[in-house]
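Undergrad: In case it's useful when we look at the structure, here is the feature table from TrEMBL:
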- 12-31: transmembrane segment (TRANSMEM)
- 43-67: transmembrane segment (TRANSMEM)
- 88-107: transmembrane segment (TRANSMEM)
- 143-168: transmembrane segment (TRANSMEM)
- 189-215: transmembrane segment (TRANSMEM)
- 227-254: transmembrane segment (TRANSMEM)
Amino acid sequence: MIFDEALQVRFYFFTGIVCICNNSLAIYLLIFKSGNVGTYRNYMLYFQNLIFTLIILQITSLLCSFIKKHQSVAAIDQKRIMGSARKYIIKVLLHIPPFLVSVSFGFSNLSKEEELKIAKQLYPDLVPFISLPNAELYSTSSVSIQVTLVVMIVTFVSFCSLFLFYYIQILQMLHGHRQFMAAKTYSKHLSAVLSLVAQLIVLVIWLAIPLAFLLGDVILHIEGYEVYLNILICLFSTHSIMSTIVMIFTFPAFRRVISCREKPMFSPATTMVQPRKTLRN
């Protein structure tokens, strides 16, 4: 099977343009059309901006959004409310693993002379490419790379476990308090939770799986696997687009805006009732 590199580059150019357009639309919807969602809007904006910039922090921002929704539902019966200090500590701790991944990966950089030496020994065809200033070559025998991989795997497994824990608790709370909640409030919380779960599924399919196969090929050196990796990298590049599409179509308010069925602020049939003035003699 032959994979056209020129077609792949054009595909990245196209997805880049689409990514800018639909992320701009998502940010506009979150700021101006998200309705009465309170500070939860800020967490989703955080996640959306990270989709556009930093991949490594996306799972952290999504988990922070999960915790925010968990606390919104917990406020109904006041039984699982976290203190402000505890919430801030949890959020800070959630940002430590991505920071460790970034630092350990940063220390894995080789000097250009070392890169060229390895390339001449193992990959002579790549020497002209490695000579470019923006090209980087990493060694899987590097301790920093091994630490990065371990931290990434442990972080992903731990965060997915936290997702499952908070998801089960949210569903239990919604089910237990459904009779005390208005149908509109229940529907709003449920839609937000399902939207977050859908975002997590996108994160796993469009990010975790391609990265896992890519790292597996780098470590195991599987022959003849390059074409499939190129396809997975193309899938990887569409993650931002899919995440935005999922967010729009899992939020009822956003669906109404996109389908031009947004509810007006005031109904045309609404009449203004003026208070009757009483004249005193």
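Glycine residues also receive a Cβ, built from the backbone N, Cα and C atoms like all the rest.
How buried are these features, and what lies next to them?
TA: Below 8 angstroms of C-beta separation, residues 41, 44-45, 48-49, 51-52, 234, 237-238, 240-241, 244-245, 247-248, 251, 253-254, 257 of the same chain, each at least six residues beyond the ends of the transmembrane segment (12-31), sit close to that stretch.
With a cut-off of 8 Å between Cβ atoms, the residues of this chain six or more beyond the transmembrane segment (189-215) that come close are 37, 40, 47, 55, 58-59, 62, 65-66, 69, 72-73, 149, 156, 163, 167, 170-171, 174, 181, 228-229, 232-233, 235-236, 238-239, 242-243, 246-247, 250-252.
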